[in-house]
């Protein structure tokens with residue numbers, strides 16, 4: 001990349017150590033103006049301090065946006081209509097946040113006339129791929145600056161030294177008290193990587209977890225929760241109508257208090273290596289359980305089975321950074337078609353780390369008590385018909401035995 005061609009860069013900025021250093025590094029290395037963009041996607045931290053830090057770094061254009069509702073409504077909820085899980089365990093909490101951030105970076109870059117966007121993802125992880133693939137899908141001509149792939153800073157200590165050398169104000173007391181884990185949080189989850197978790201045999205310490213009680217310490221009392229669905233999306237909890245973001249915030253607190261949503265996973269990164277991560281996803285765990293219960297009542301068998309076959313591919317697209325790809329949008333259209341009848345109420349029971357479905361009802365239910373009953377069905381179903389059904393399905397099996 002020709003550094004002289006870069007006059008203005010939009011940086012995905014948190015105000016933390018890494019991105020604070022990136023501001024100065026971009027200014028010095030590219031001799032460019034830096035515009036910062038900070039998104040509130042439910043990470044649970046104040047975002048306004050990022051404005052103060054950016055101003056102190058000489059940034060003139062600062063964007064801070066509350067994107068919680070857009071994140072929940074246009075990204076998380078559509079993904080959950082697919083019941084997407086990566087490698088059978090990961091609910092894609094980090095993966096699904098990247099397309100929205102990329103989208104706003106590209107939009108702001110166009111708005112302010114920037115030549116490039118920049119992010120603080122490392123050269124080893126998935127996020128660099130996700131940020132950039134999603135950005136290129138929206139603007140093929142956008143230039144991307146990834147400092148971790150360019151500079152020679154390789155550790156937290158080297159970052160601290162750089163900050164001290166260049167007069168970047170860092171709260172060293174806060175840094176010393178900072179979690180030893182690499183963390184990422186949003187409305188859907190909080191993730192933990194690094195430190196002792198790099199040994200897949202080592203159990204995480206209990207004080208690592210922030211959103212959930214341990215199941216052992218969760219209340220000895222059951223909580224029942226009713227969730228109302230409309231066309232595949234949750235619209236109310238216990239009869240109270242809520243926005244998508246409010247649904248997730250409510251479930252994070254409610255389910256987290258019962259120790260629901262912890263997971264410890266070794267996953268295959270898109271870049272080729274395996275990594276271990278621990279996740280707290282209270283709302284996602286509950287939503288997935290409730291959604292599958294609602295679909296079990298309202299979806300046709302063949303449609304449900306085909307949807308389940310497509311789900312791993314959909315999850316892989318989200319994980320790898322292909323949210324804006326035509327194949328994901330094609331699958332989304334098919335999935336959304338299946339959700340037209342997925343409306344009704346699911347009743348759940350929360351208790352000590354477990355979420356159990358205990359009831360479901362829908363005006364679109366395909367469940368027939370009259371047909372399935374063990375009692376007299378008044379001749380609706382003729383059991384003699386099963387003999388021909390079995391014989392036809394057994395034909396190929398019988399042929400294998402004929403010599």
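A Cβ is built for glycine as well, from the same backbone N, Cα and C atoms used for every other residue.
Positions annotated as ATP binding site by Swiss-Prot: 12, 13, 14, 15, 16, 17, 18, 19, 20, 39, 120. The L-citrulline binding site annotation in Swiss-Prot covers 90, 95, 126, 130, 182, 191, 267, 279. What Swiss-Prot lists as L-aspartate binding site is 122, 126, 127, and the listing cites sequence analysis.
Structure with Swiss-Prot features highlighted.
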residue : record                    : contacts (Cβ under 8 Å, 6+ apart)
16      : ATP binding site          : none
18      : ATP binding site          : 120, 159
20      : ATP binding site          : 53, 57, 163, 168, 170
95      : L-citrulline binding site : 86, 126, 130, 318, 319, 321
122     : L-aspartate binding site  : 128, 148
127     : L-aspartate binding site  : 94, 98, 119, 121
191     : L-citrulline binding site : 93, 94, 183, 184, 185, 277, 278, 279
267     : L-citrulline binding site : 86, 87, 89, 90, 274, 275, 276, 277
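Applying an 8 A CB threshold to same-chain residues 6+ apart, the list for residue 14 (ATP binding site) reads 38, 50, 120. Taking CA atoms as the reference points, residue 182 (L-citrulline binding site) and residue 12 (ATP binding site) are 17 Å apart. Cβ crowding, taken as the number of other Cβ atoms within 10 Å, peaks at 279 among the binding-site residues 90, 279. Residues 12, 13, 14, 15, 16, 17, 18, 19, 20, 39, 120 are listed as the ATP binders, and the farthest two of them sit 17 Å apart at their Cα atoms. For residue 12 (ATP binding site), applying a Cβ distance below 8 Å and a minimum sequence separation of six or more within one chain yields 19, 37, 39, 101, 105, 117, 118, 119, 120, 131.
One way to see the shell of the L-aspartate site is to take the Cβ centroid of 122, 126, 127; the remaining same-chain residues with a Cβ within 8 Å of it are 121, 124, 125, 128, 129, 130, 271.
In the three-state DSSP scheme, residue 126 (L-citrulline binding site) falls into the coil class. Neighbour counts of Cβ atoms within 10 Å were compared across the binding-site residues 126, 182; the minimum falls on 182.
In this structure, residue 120 (ATP binding site) belongs to neither helix nor strand by DSSP; it is coil. Ranking the binding-site residues 120, 130 by C-beta neighbours within 10 Å puts 130 at the top.
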